[in-house]
Amino acid sequence: MSTVNLTNEDSEYMQTGDMDMTYISTSSQQTELPGGAEQQTMRVYLRVRPFSKEELSDKEDLDCVGIENSQTVTLIAPKGSANMKSSEKGIGMSLHKFSFSQIFGPEMMQSEIFEATVKSQMSDFLDGKNALLFSYGVTNAGKTYTIQGTPKQPGILPRVLDATFQYIGGHLYDGMDLKPYLRNDAQYLEPDQVKQEKSAKAAIFASVKEECEPLRSSGLESCSALTSNPTEADGSQFALWVAFFEIYNECVYDLLQASLCSKSKKRSSLRVCDDGAGNCYVKDLRWINILTLDEASKVLQFGNKNRSAAATKLNQSSSRSHSIFTIKLLKIEDSTVTRISEFSLCDLAGSERCNKTKTFGERLKEAGNINNSLLILGKCLTALRNNQTEGMKNSYIPFRESKLTKLFQAVFCGKGRASMIVNINQCASTYDETLHVMKFSAVAKQVVQVIPDKPLKSLAPCLVGRDGKPLVKNGVIDTQALESFLCEEELLDEEDEANMSLATENELANMIESLRTKLLAERKRNLVQEMEIRNEMGDAMLQQLMESEELRSRQIEELKESFEEKLENTFEIYKDAIRQHAYQSAMNNLEDDYVAFDEFIAEQDKVETLKRKVSELEGLTSSIGGLCAVPTVDQSCQTHPYKSTEAAGDDRCKHLYKEKCAIDSICEDKQQLIICLEKRLKDINVTLENTRDGYLEKSSELDDLQRKSKDQTESMEEILWQNVDKDREIASLKSELAKLSQNPPMQLRPKRGLLANIRDAVTSPRKTSTTRTPRKTAHP
Ligand code: ADP
Ligand code: MG
């Protein structure tokens, strides 16, 4: 997680405990500068959307956003959010505090938001100054609701229009022949042009259904008087013109072009041009003169319809485009425009980072560009803030790198006041994106705007006729220079050529001089254009490179994970197989030779008993032998009994001998059984030995596999290292590009063209890395 580095003197960076990070900017105050100019940090408001019914029924974590007071809000990371996960690993905090100019909770009404946010800008606008309001946040956070609202709950835009009409009162100029021209000027229209304007307007109104609810009748309660009405004595009148356009994929599309609704026609994009005084404007943008709030409401509806129709036709989401509604107020005195002010309300594209599954082809381009223009807006704000910080002055502000910032550069540079309403929802599921939004706004809040008390003299509008030539010459605008900037025709036309032959030498010299000046201006313009193209291309390439780099590293990561998983599975399978095999072979051998241990012991006992019996009998036999050898006493005293005793002894002897023999044979049998059992034991031992050998063999195989997996992990690491190399190369490429954009293009002009140059810059480091890669990965 990257943290916002608050370097502004007015800002405090607080860290309370180790779980709490605070982004607080203590100043939103206004300072008066000498000469009446005023200095003020950009006003950044926060609006927290209420939970929808679905969100409440989803049983999500409902406590992610805590509004502490009207200026401080706390974000608490919910379980499962990336922020919580990283804070659990000790990276970053799970609790963040942010401060805003003002915070509006879910219960805040649209009218309260209008009163508290744009009231001061509204007075500026009616007073002849420019105003710009952004709504920023992820999709579904309430940006459009805040800007446009609903018929029952009108948002800021209808309220601004309503307040303007209230201010104008009866001083509306309905001639329709004075129209905005370029960025700050006005144009006088001929009657046939007025007719065209009227028919274009009628066509728009005809295609908006009548059943639409007019704004006033539904939601708008009367706005409190913002600025006193122009006095009756003051003979000035006011004309109100509006334009509605969107920026999608860095292309500007007019939302008030009737052709957009027809199914067949592809909508064409408009160019953003420079008016020669450094102000950008959208060329050929349609401006509609509106006379009532109802008309304004119809124009808004027409534009909205066009926007969603175009999005549906091309299968895009309108949340990916920036939509801009601009109101121009022309102050007219004696049929001359004496003052022009504009109020732009910009509903920015959803700030969520692009969906990773869609980063291919058109989608990648789309996501990249959306991110790009928001990224550039962020970069501009950061650079503006840094330039205002002591010791960091003069860093380059990349206004020209996106259409959005190009169009509003003047406002950021003091020709008006900008403010931002940050919209967030309280859903745990989008917590990480919301945190990102808050950090972005923390930077915006520190941008200091210096607004001159009165519009600069050069801002006074120049009134031009149909041919684009100024009608009122107040000597401020160098019209010739303006013309030379805007002239798209050939420098020398046929008429000039015809006159050449008649011209004197002096006239010719003058002509050459003027042509030289024109040529110089043209060259300058071309150079600026070339620089812009270079920048745009460089950025686009860099963007693509970064996206593909990200994609690649993600793929490597996924590959690595799947390899690891596969290896682990293979180990498990091998282990199981070995265990099974060992068990099986043991069981096979044992089945044949198996003698239960108890039986074996019982047999041994029997053998022992029998052995004992044999020795007893042997003892008995020898004692009997002794008896037979000394029979004399009994034999001398007994004559008859002697014979029978002898016979009985013989019988007994024989009997005993027989028994002995039988026992001997039993003994022999048992001995044989013992030998046999011992042999079996030996066999079992051999089987066990074999099993052990098999097991050892398998475990050595396992070792081999593990070694292989280790090698694979190493090569994986090597690839990751190569990745780091690539990152470094990208960084160097970036710095080269930065150098490219800073150096005057004359010095940088490549001999073989820009594309070849960029391709060289991009491909040359790649070549070295690709030659290196196979060498490193050749040995597994
Ligand atoms: P976004 O333009 O940022 O994508 P939307 O303005 O379309 O978001 O708002 C999304 C939804 O939430 C809409 O249905 C809108 O009516 C509703 N909504 C937004 N903000 C509020 C609010 N403050 N009160 C009530 N409903 C709101
Ligand atoms: Mg929206």
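Heads up, the Cβ atoms here are built off N, Cα and C, so glycines get one too.
What TrEMBL records for Gly137, Val138, Thr139, Asn140, Ala141, Gly142, Lys143, Thr144 is ATP binding site. Residues within less than 8 Å, Cβ to Cβ, of Gly137 (ATP binding site) and separated from it by at least 6 positions along the same chain comprise Lys143, Leu348, Gly350, Ser351, Val422, Asn423, Ile424, Val437.
Marked as compositional bias 'Low complexity' by TrEMBL: 763-772.
Sequence annotations record features per position, and here TrEMBL assigns domain 'Kinesin motor' to 41-447.
Per TrEMBL, the feature region 'Disordered' maps to 735-780.
With a cut-off of 6 Å between Cβ and the nearest atom of ligand 1, the binding-site residues Val138, Asn140, Gly142 reduce to Asn140, Gly142. Counting every protein chain shown, the number of other Cβ atoms lying within 10 Å of the Cβ of Gly142 (ATP binding site) is 20. Among the binding-site residues Gly137, Asn140, Lys143, residues whose Cβ is positioned under 6 Å from ligand 2 are identified as Lys143.
The DSSP secondary structure for Ala141 (ATP binding site) is coil. Local packing around the binding-site residues Val138, Ala141 was summarised as the count of other Cβ atoms within 10 Å of each Cβ; on this measure the leading residue is Ala141. Excluding the listed site residues Gly137, Val138, Thr139, Asn140, Ala141, Gly142, Lys143, Thr144, the same chain places Arg49, Ser135, Tyr145, Ser319, Gly350, Asn423, Asn425 with Cβ atoms within 8 Å of the centre of the ATP site Cβ atoms. Every protein chain considered, the tally of other Cβ atoms within 10 Å of the Cβ of Lys143 (ATP binding site) stands at 28. When pLDDT is averaged over the domain 'Kinesin motor' (41-447), the result is 86.
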